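Attaching a single structure in structure tokens format; questions to follow.
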Amino acid sequence: MDMLIYLTPICALIGLIFAGISYKNVRNEGEGNELIKKITAAIHGGAMVYLNRQYRAIAVFVVFIAIVLALVLPNGVLTAACFVFGAVLSATAGYAGMLTATIANGRTTNAATRGIGPAFKVSFASGTVMGMSVVGLGLFGLSLSFIILGNIYTDMDLFTLLNIIAGFSFGASSIALFARVGGGIFTKAADVGADLVGKVEAGIPEDDPRNPAVIADNVGDNVGDIAGMGADLYESYVGSIIATMLLAASTAAATFPGIPVMNVVMVPLVIAAVGILASVIGTFFVRTNKTESSAIHMAFNMGLIAAIVLTVIASYVVTGHLLGGYGLNVFFSTVAGLVAGFLIGQITEHYTSYDKKPTLTVAHSCQTGSATNVITGFAKGMESTLWPAVIISIAIYIAFQLAGLYGIAIAAVGMLATLGISLSVDAYGPVADNAGGIAEMSHQKKEVRQITDTLDAVGNTTAAMGKGFAIGSAALTALSLFASYAIAVGLTSIDVMNPNVFIGLIIGAMLPFLFSSMTILAVGNAAGEVVVEVRRQFKEIKGLMEGKADPDYSKCITISTHSALKEMIPPGILAVIAPILVGLVLGAGALGGLLAGSVVSGFMLAITMSNAGGSWDNAKKFIELGNFGGKGSDAHKAGVTGDTVGDPFKDTAGPAINILIKLMSIVALVFAPLFI
């Protein structure tokens, strides 16, 4: 085994050390006054209670699947061990990110009393813990599994060895599914419940401490957008690397004649390793003391561009060193993925930002009522699929022409190589959002709230861009895993003239819609319970509306937690059982059709829902700035309705589809021996 392979866990450890330093920096910040401490403790306590209960529930699933893997697969015990290892590290990353975010929010509010610079520093440092934990633990676990098993089982076929290690990605996918679905149900149940009764019925502002669901809403921001987003991208990161390694083992001899197969296998690991170093360096470019949101955007872009440029340079050196004359083709495939990821983020921003035409059109439609708002927003969401589809298609075409199926997979690795910093930027948003809520609830000065509002506005944009990036990376990762599955079962093409294959295609195209239905209905049911509870408290607690009595915040947290844990099980079972049943009943070709159908329909549906939801959200915010009558106007009420409809679209169903298409692909790959 080439000594260069040992670089990967070392770079991963550097990322983890940097995450530890960032955590220490957050802890060293002042906690604020007693009221800030009290609110922070309530949010932190609610988030950690939910996360602990969720992980206990997932542990049962993980143990059950591990036993099944050990019993039914060749090399099942090794696959089960990798599965558990991947699940544990994914859960650890989520725990680290959640722990940090829920102690950073109050500290960000307190830092905002000293100016935007200190507040920005604290919130971004918190995001950095999540970003670096995900890439550090993901690459460390994957490379360690490869090194240990490779050194022990020296006589094992390389493709077989890597198929065992694919269990690591399956473990990551399992955690991701429940974290995304459960977290999405929790956050939107609380959010919708708080908005419907608080804003629409009671007429009180957002983050008002009189609202019984306000703490649950803030807890949900962390549960969904920190732990959920982190697990989603951890899964894509790990899945893209293992898919590329599998394709290298199976196609290297034909695609790169004369190059040692191990060199081709190592390329994704080494690119991921240098991507971590580039991300760490990129964080030092994220600095600003200016109060304009454009300056904060510029600071983030400087960091992202620095990381991308460094990764491009390093990838050129790595591919040239490992692949010789073929290095340039693989290098340009990597760059195609990097550029595609960046462009999809920009397209998402265009469709969801309130200073761009699509969202302004949605905001304008609010003047004629809720119905026209919903119609226009949904239409714009569907329209927004055009350019991401074109961009992904061009990236796939370029990568395939340059390096075959391996090129497509390495494009996914390229897209995710700078995940360390891009996820840090995404994870900053919920902290800034919480800080604004805490500022409101702790009655801070207007200047402090303006600072947190500025940080939050930037966070909304970065979150929308992050969702677009997550969808694009999920599509490429799922396609790479699908290609690995096809090789594992000996499929050379998907013959749609074969009835079984066409049946699989139809079932696959249907599954994202059924899955979305289940998650959206779950949000509706859970939100209904929260609404009933909030109404009860406003009615029964005397003096609550006047601010003379405190609401029972814990009740709404308990309802949201119970609903999320109960409702996340059926979608999770569907995602695992569907590909296994189709493979066993209709055969490997039909399962190939299912995977192809789910990737195509899932990609389009996820973009539609995420961008429609983001557009409705920011159309409402545009009206709240004083446009079309401002807060309390009929246009604002229509905007709130659109935002409420969009909440489960953009924060529950849309993001969860990413995991569905990846999880079904990895399930098919891991269980491939059963379908041959």
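Backbone N, Cα and C define each Cβ position, glycine as well.
Grabbed the feature section from Swiss-Prot, which reads as follows:
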type     : residues         : note
TRANSMEM : 58-78            : transmembrane segment
TRANSMEM : 129-149          : transmembrane segment
TRANSMEM : 158-178          : transmembrane segment
SITE     : R180             : site 'Important for ion transport'
BINDING  : K188, K650       : substrate binding site
BINDING  : D191, D195       : Mg(2+) 1 binding site
BINDING  : N218, D221, D433 : Mg(2+) 2 binding site
SITE     : D225             : site 'Important for ion transport'
SITE     : D232             : site 'Important for ion transport'
TRANSMEM : 241-261          : transmembrane segment
TRANSMEM : 265-285          : transmembrane segment
TRANSMEM : 298-318          : transmembrane segment
TRANSMEM : 324-344          : transmembrane segment
SITE     : A463             : site 'Important for potassium dependence'
TRANSMEM : 469-489          : transmembrane segment
TRANSMEM : 501-521          : transmembrane segment
TRANSMEM : 572-592          : transmembrane segment
TRANSMEM : 593-613          : transmembrane segment
BINDING  : D617, D643, D647 : Ca(2+) binding site
SITE     : D651             : site 'Important for ion transport'
TRANSMEM : 656-676          : transmembrane segment
SITE     : K662             : site 'Important for ion transport'
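Have a look at these and tell me how they're positioned relative to everything else.
Remote same-chain partners of the transmembrane segment (129-149), defined as residues 6 or more beyond its termini with a Cβ less than 8 Å from a stretch Cβ, comprise 1, 5-6, 8-9, 11-16, 18-19, 22-23, 26, 78, 82, 85-86, 89-90, 92-93, 96-97, 100-101, 156, 161-162, 164-165, 168, 172, 226, 230, 233-234, 237-238, 241-242, 245, 269, 272-273, 275-276, 279-280, 419-427.
The number of other Cβ atoms within 10 Å of the Cβ belonging to R180 (site 'Important for ion transport'), over all protein chains shown, comes to 30.
The DSSP secondary structure for K650 (substrate binding site) is helix. Counting only residues at least six positions away in the same chain, the Cβ atoms of A464, K467, M609, S610, N611, A612, G613, G614, D617 sit under 8 Å from the Cβ of K650 (substrate binding site).
DSSP assigns D195 (Mg(2+) 1 binding site) to a helical segment in the three-state reduction.
In sequence order, N218, D221, D456, G459, N460 constitute the residues six or more apart from D433 (Mg(2+) 2 binding site) in its chain with CB-CB distances below 8 Å. According to DSSP, D433 (Mg(2+) 2 binding site) sits within a helical segment.
Its Cβ placed at the centre, D225 (site 'Important for ion transport') has 28 other Cβ atoms within 10 Å.
Taking Cβ-Cβ distances under 8 Å and a sequence separation of 6 or more, the neighbours of D232 (site 'Important for ion transport') in its chain are A176, A179, R180, A470, A474, P655, N658, I659. In the three-state DSSP scheme, D232 (site 'Important for ion transport') is classed as helix.
Sequence-distant contacts of the transmembrane segment (298-318), counting only residues of its own chain at least 6 positions beyond either end whose CB sits under 8 Å from a CB of the stretch, comprise 120, 267, 270-271, 274-275, 277-279, 281-288, 327, 331, 334-335, 338, 342, 414, 417-418, 420-422, 425, 458, 462.
Beyond the transmembrane segment (324-344), the same-chain residues lying 6 or more positions past its ends with a Cβ under 8 Å from any Cβ of the stretch are 255-256, 258-259, 267, 271, 304, 308, 311-312, 315-316, 387-388, 391-392, 394-395, 398-399, 402-403, 406-408, 410-418, 422, 468-469, 471-473, 476.
A463 (site 'Important for potassium dependence') has a Cβ environment of 26 other Cβ atoms inside 10 Å.
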Write down the Cα-Cα distance for D647 (Ca(2+) binding site) and D191 (Mg(2+) 1 binding site), rounded and given in Å.
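It is 8 Å, counting Cα to Cα.
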Taking the centroid of the Cβ atoms of N218, D221, D433 as the Mg(2+) 2 site, which other residues of that chain lie with their Cβ within 8 Å of it, listed in sequence order?
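The answer, listed by sequence position, is I43, N105, D217, V219, G220, N222, D225, P430, N434, G437.
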Determine the most Cβ-crowded residue among the binding-site residues D191, D647, using a 10 Å radius around each Cβ and all protein chains in the structure.
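Of the binding-site residues D191, D647, the highest Cβ count within 10 Å belongs to D191.
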Show me the subset of K188, D225, A463, K662 whose Cα is within 10 Å of D647 (Ca(2+) binding site); these are the recorded positions I mean.
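So the list reads K188.
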Taking contact to mean three or more C-beta pairs under 8 angstroms, with sequence separation of 6 or more, is the transmembrane segment (158-178) in contact with the transmembrane segment (469-489)?
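Yes, the stretches contact each other.
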Rounded to the nearest angstrom, how far is the Cα of K662 (site 'Important for ion transport') from the Cα of D195 (Mg(2+) 1 binding site)?
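Rounded to a whole number, the Cα-Cα distance is 33 Å.
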Tell me the Cα distance separating K662 (site 'Important for ion transport') from D225 (site 'Important for ion transport'), rounded to the nearest angstrom.
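For D225 (site 'Important for ion transport') versus K662 (site 'Important for ion transport'), the Cα atoms are 19 Å apart.
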Under 8 Å Cβ-Cβ from K188 (substrate binding site), six or more apart in the same chain: what's there?
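Long-range Cβ contacts: G220, G224, V523, A526, A527, D647, P648, D651, T652.
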